[in-house]
Amino acid sequence: MVKSALKEYGIACELNLVEGSMTVSTTRKTRDPYIIVKARDLIKLLSRSVPAPQAIRILNDEMQCDIIKIGNLVRNKERFVKRRQHLVGPNSSTLKALEILTGCYILVQGNTVAAMGSFKGLKQVRRIVEDCIQNKMHPVYHIKILMMKKELEKDPALKNENWDRFLPKFKKKNVKQKKVKSKEKKPYTPFPPPQPPSKVDMQLETGEYFWSNQKKQAKKWQEKQEKQAEKTAENKRKREAAFIPPEEPKEQNAGTSEVKSNDVAAMAISIKKKSKDLGKKKAYENINAEEYIAASGELPMKKKAKRV
């Protein structure tokens with residue numbers, strides 16, 4: 001099929017199965033000098049697993065090809081595989097949408113992407129592929145922009161205007177990743193940890209292993225009764241908690257009022273005492289009552305001298 005297609009343009013083709021190589025060369029019947037470059041591109045496409053009927057279309061003048069190398073854009077293999085899958089999409093839906101919008105044939109194979117189409121379409125495909133693999137923009141956003149451009153092309157009034165104001169703008173969001181909690185390393189010990197005692201070992205220590213079945217059942221029954229008693233006591237406490245009245249807020253000036261009342265009582269007692277002393281002295285001394293009460297204990301009380 002390839003030989004017959006190249007023969008029409010005057011190109012000779014040789015396939016060496018021992019070396020695994022394919023050679024194209026011009027003949028005397030060759031008329032187009034650029035057809036040899038097209039034949040070289042045909043060999044490139046066939047080596048990238050492009051089907052032969054599709055690859056032969058490169059010999060047409062309107063058809064161009066571009067082989068985009070994506071293997072060296074990402075170092076991590078897992079990231080590369082994941083981003084390449086973004087380009088293909090589920091059931092190759094993203095790839096089919098790109099083929100329709102750009103008008104190019106796209107084949108993702110290994111570390112390269114082979115594309116066939118017009119110069120304008122190939123330029124768009126290269127930009128979309130590089131943005132996807134470098135994680136600059138997802139192919140779905142490029143598809144939305146291309147769809148908007150297709151709609152804007154239909155309007156003749158916007159033919160000579162800038163379309164940036166109509167196109168959607170997507171900003172890259174940095175999603176915060178959860179930090180993995182690093183566990184503290186325990187000091188290395190060459191000896192294994194002690195084996196925890198089994199149920200039989202614990203029964204042997206307490207002597208329960210040698211009990212009769214009747215005694216074991218009695219112990220289980222006693223433990224069950226204790227658990228039930230604890231549960232009933234807790235439930236009763238919860239029920240009674242609803243009937244406890246709340247504590248009333250205490251007044252802040254309660255302490256000061258008590259102190260004041262004590263001071264008033266002490267003053268009343270002292271005044272009564274002074275009035276009694278005043279009544280006794282009135283008989284033999286002329287003392288002013290107001291002056292005596294005001295002087296709070298300045299003059300000491302004189303004891304009466306006993307007559308012998």
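Quick reminder: no glycine exception, Cβ is built from N, Cα and C everywhere.
Those TrEMBL annotations? Automatic predictions, nothing curated.
Annotation comment: TrEMBL describes 174-184 as compositional bias 'Basic residues'. Here the compositional bias 'Basic residues' (174-184) has no Cβ contact under 8 Å with any residue of the same chain six or more residues outside its ends.
Residues or ranges marked as compositional bias 'Basic and acidic residues' in TrEMBL: 220-251.
If you look up TrEMBL, you'll see 2-61 marked as domain 'KRR1 small subunit processome component first KH'.
Model confidence over the domain 'KRR1 small subunit processome component second KH' (63-154) stands at 91, taken as the mean pLDDT rounded to a whole number. The domain 'KRR1 small subunit processome component second KH' annotation in TrEMBL covers 63-154.
Annotation source TrEMBL lists region 'Disordered' at 174-200 (among others).
Under the heading region 'Disordered', TrEMBL lists 215-259 (among others).
Secondary structure counts, DSSP: the domain 'KRR1 small subunit processome component second KH' (63-154) has 56 helix, 17 strand, 19 coil. According to DSSP, the secondary structure content of the compositional bias 'Basic residues' (174-184) in residues is 0 helix, 0 strand, 11 coil.
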